[in-house]
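Colleague: Copied straight from Swiss-Prot:
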type	residues	note
ACT_SITE	Cys122	active site, cysteine persulfide intermediate
BINDING	Phe259, Cys260, Lys261, Pro262, Gly263, Lys264	Mo-bis(molybdopterin guanine dinucleotide) binding site
Amino acid sequence: MYNVKSGKLLPFGVIEGVTRTNVQQKHHFDTLKVDWIAEEVPVALVYNGISHVVMMASPKDLEYFAIGFSLSEGIIESQHEIRSIDIVAHCRGGIELQIELSSRRFAGLKERRRNLAGRTGCGICGAEQLSDIFRPISPLPFTQTFSLNQLDYALSQLTSVQDVGALTGCTHAAGWINPEGKLLGGCEDVGRHVALDKMLGMKAKTGWQQGAVLVSSRASYEMVQKSAICGVEILLAVSAATSLAVEIADRCHLTLVGFCKPGKATIYTHAERLIS
């Protein structure tokens with residue numbers, strides 16, 4: 001379906017999204033040590049030849065990012081409205097995701113298009129007015145359930161999608177958990193919103209339906225908004241939820257759970273989907 005190109009090829013066995021640098025450590029200032037660090041690069045999403053947004057992101061799983069961002073921002077309603085994705089690396093370290101939309105979707109995008117430059121996973125940068133921040137979301141149906149007895153098992157698997165994080169300690173993760181608590185897949189990124197977008201793109205492409213999203217970060221309003229727009233009914237976060245995240249989750253009937261730790265969880269909204 002997608003024509004994915006890349007101007008950057010990595011040798012077999014090299015983990016995408018990491019590089020090395022010399023560092024000095026406390027009590028050993030006279031010694032240089034080689035350490036791994038996570039790459040962070042500008043990624044431009046270009047729709048039908050027109051630049052829409054530049055985000056700072058990890059340079060991996062970019063096809064999933066293109067799909068997930070397009071879905072979670074309401075640019076498309078189905079991945080099938082994307083005709084092609086070209087991933088083009090530029091000489092200065094930036095990357096362009098050249099996305100070709102259907103004519104109908106591109107016409108809709110042009111009506112509300114704005115140029116914005118995001119910091120690491122920041123979704124509010126560049127909004128022209130407050131009404132641009134909160135998109136209308138239809139209330140979610142109640143078709144999913146999740147047993148909190150499976151939460152510890154789910155948490156134990158999340159780091160398996162963080163190859164870069166294991167080397168650098170520098171990434172967030174988002175995963176899709178089935179009702180039995182098994183991690184079906186996930187993505188990592190230096191930005192928590194980008195990690196979620198990548199995972200939502202993976203979910204769309206693989207066709208996962210039953211389950212919940214598990215993120216390694218806090219639950220901000222945008223994490224809730226993106227999840228709800230993509231039809232996710234249950235969002236599990238390792239850290240806390242913000243007041244606005246709770247408000248939006250309640251309004252759109254999303255089950256929001258924070259402080260997901262071994263043996264612990266705080267349920268903020270719509271506990272009726274949860275089985276204890």
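The backbone N, Cα and C atoms fix where each Cβ goes, and this holds for glycine too.
Each of these features: where is it, how hidden is it, and who are its neighbours?
Modeller: Under DSSP, Phe259 (Mo-bis(molybdopterin guanine dinucleotide) binding site) is assigned to a strand (E or B) in the three-state scheme.
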Colleague: Same chain, not part of Phe259, Cys260, Lys261, Pro262, Gly263, Lys264: whose C-beta falls within 8 angstroms of the C-beta centre of the Mo-bis(molybdopterin guanine dinucleotide) site? Give them in sequence order.
Modeller: Leu151, Asp152, Leu155, Ala265
Colleague: Of all the binding-site residues given, Phe259, Lys261, Gly263, which residue's CB has the most CB neighbours within 10 A?
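Modeller: Of the binding-site residues Phe259, Lys261, Gly263, the most buried by Cβ count within 10 Å is Phe259.
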Colleague: Lys264 (Mo-bis(molybdopterin guanine dinucleotide) binding site) has how many other Cβ neighbours within 10 Å of its own Cβ?
Modeller: 11
Colleague: Around Pro262 (Mo-bis(molybdopterin guanine dinucleotide) binding site), how many other C-beta atoms are within 10 angstroms of its C-beta?
Modeller: 10
